[in-house]
Structures are given as C-alpha cells and as structure tokens.
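The structure appears below as structure tokens.
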Amino acid sequence: MTNLSVNLNKVALLRNARNFGKPSVIEAALTCIKAGAQGITVHPRPDQRHIKPEDVDALAQILTVEFNIEGNPSPQFLEIVRKIKPTQCTLVPDAPDAFTSDHGWDLATDGSWLRPIIGELKDLGVRVSLFMDTDLTQIERAKEIGSDRIELYTEPYATAFRNGNVESVFQDYQKAAHKAQEIGLGVNAGHDLNLQNLEKFCTISGILEVSIGHALIADALEVGLFNAVQDYLKILSFK
Ligand SMILES: CC(=O)[C@@H](O)[C@H](O)COP(=O)(O)O
Ligand SMILES: NCC(=O)COP(=O)(O)O
C-alpha cells in the first residue's frame, strides 16, 4: 500500500499571514494523523515563507508517524536535519528563491558533493530520498551515490493529466519507477498530485509514499482537513 505523507507547507503559509498562530501547524498535523495519514512532510525554505525551523522542532515533539523533511541541503537546512533526525530527508535542488520545486537533481553535476551528505544522513539513521525527474541515467546515479529512495517529481504528470494527454508522460513514470525498483531504490512521488490524478498514478506498482500538500489543503478548505485526508486515503487503499 502507498503511504500518504501530508505536506503542511500551506498551513504554515496561511498561519504566517497573521501573527497569532492560527491555523496551527501542530493542530493540522494531529488532525492528519487522526484521519490516518502515515506521514507528515515539511519543506523549510530559506526565506521561511511557510514552514519555519520552530515548526520543525514542534512537529518533531509530537509526531507519531513518519516525518519527512524536504529541502536543498544548505548548511542551515542540514543543521535542522542533524538536530531532528527525521524518518526521512528528501533532498531537493531548489534555489533559495524558487517559486516552488520545479525540477529534479542533475547528479552528473551534483552527485559528487551530495554523496558525503547522503552518507552522513544515513549514518544518523535518516532515510535519504532524492527528488528526481524520470531520466533513467540520473536514477542510476542516485543509487550509485547511496540514496535509499527517489521521489519522482510529478508536476509534468499532473500537467499532462490536466491537459488530457497523459499517456506518454505516464509511461515515463512507469519506466522510471521500474528502473528504480530494479536497482534497489525505493520510490516515492510528489508535487501537484491531487484527487483527480492520484488514482492513475498509483497504478504504478510499488510506490511507497506520496507526499501531497497544495491540493489536499485546498480540498480541506471545502471539506475539512480530516475528510480531505480520508478522501486521499480512500484512493490509496483501493489501489
Ligand atoms: C518538493 C516538492 O515538490 C514539494 O514538496 C515542495 O515542498 C513544494 O514546496 P511549496 O509548498 O513551497 O510550493
Ligand atoms: N514532495 C511533494 C510534496 O511534499 C507536496 O507537494 P505539493 O502536493 O504541495 O505539490
């Protein structure tokens, strides 16, 4: 079964629009857990536009499910991960001012300096995942430099699905997932997954985790967070 890790970035984004701490990231996490989510994901960006280091600290105190911290492995980010030692760290090649995450790693360029970071995090007991596109050679490099998993960046799939021409793109994700599994990498996925495109995506066998934030929090504005989480879990459990 594919685990659901709810990304709470957008709860923090709304919280930051005032200075009295509502909506609460902690309360949102507890609601997601009560609804059955198997994980919580946060992406503490350098500009702290949403998740702040103190959110990460507070979540670490209360989480009873997997904790996935995503980000570019800057010194400040690694300081957070070393302190928290989350279940999983997903390394993402985002620039500090990125509008959002919009590409996977180029490990031909970055693999050599990522390798020791991956090794350090694994030595700390943190599962390491690399945010990747569907390029098969890049996926092979992810294994070579020691990553435990990859997270397939799914915005191209989501866009093609929305545009009604998803089949060829979907096959790229099928091939990428199969290649990763063939060489011993676990496969996660995330970015712009939603209630409409998730079921098809999860027909790909062996997807271990989907991390979903933007669409799920948007859905929660209509049906409530508890119900939104359960709507996604219904799709995943029927897979
Ligand atoms: C890595 C990824 O695709 C998302 O988890 C990312 O965290 C989205 O970031 P924003 O919520 O800042 O758009
Ligand atoms: N890694 C993807 C994630 O955590 C959430 O991405 P999105 O659903 O907010 O696009």
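Backbone N, Cα and C atoms are what each Cβ position is placed from, and that goes for glycine too.
Curation does not apply to TrEMBL; its annotations are automatic.
Among the features that TrEMBL reports, 3-amino-2-oxopropyl phosphate binding site is placed at ASN7, ARG18, ASP192, GLY213, HIS214. According to TrEMBL, the feature active site, proton acceptor maps to HIS43, GLU70. The 1-deoxy-D-xylulose 5-phosphate binding site annotation in TrEMBL covers ARG45, HIS50, THR100. The site 'Transition state stabilizer' annotation in TrEMBL covers GLU151. The active site, proton donor annotation in TrEMBL covers HIS191.
Taking the mean position of the Cβ atoms of ARG45, HIS50, THR100 as the 1-deoxy-D-xylulose 5-phosphate site, the remaining residues of that chain whose Cβ falls within 8 Å of it are ASN9, LEU13, HIS43, ASP47, ARG49, ILE51, ALA98. In the three-state DSSP assignment, the secondary structure recorded for ASN7 (3-amino-2-oxopropyl phosphate binding site) is strand. Checked against ligand 1, the recorded positions ASN7, ARG18, HIS43, GLU70 give ASN7, HIS43, GLU70 as the ones with a Cβ under 6 Å from it, listed in sequence order. Ligand 2 lies under 6 Å from the Cβ of none of the binding-site residues ARG18, ARG45, HIS50, THR100.
The distance from the Cα of GLU70 (active site, proton acceptor) to the Cα of ASN7 (3-amino-2-oxopropyl phosphate binding site) comes to 10 Å. Considering only the residues assigned to 1-deoxy-D-xylulose 5-phosphate binding, ARG45, HIS50, THR100, the longest pairwise Cα distance works out to 12 Å. Binding of 3-amino-2-oxopropyl phosphate is attributed in the record to ASN7, ARG18, ASP192, GLY213, HIS214, and the widest Cα separation among these residues amounts to 26 Å. Local packing around the binding-site residues ASN7, THR100 was summarised as the count of other Cβ atoms within 10 Å of each Cβ; on this measure the leading residue is ASN7. Each of the recorded positions ARG18, HIS43, ARG45 was scored by how many other Cβ atoms lie within 10 Å of its Cβ, and the smallest score goes to ARG18.
In sequence order, VAL6, ASN7, LEU8, ASN9, LYS10, THR41 constitute the residues six or more apart from GLY213 (3-amino-2-oxopropyl phosphate binding site) in its chain with CB-CB distances below 8 Å.
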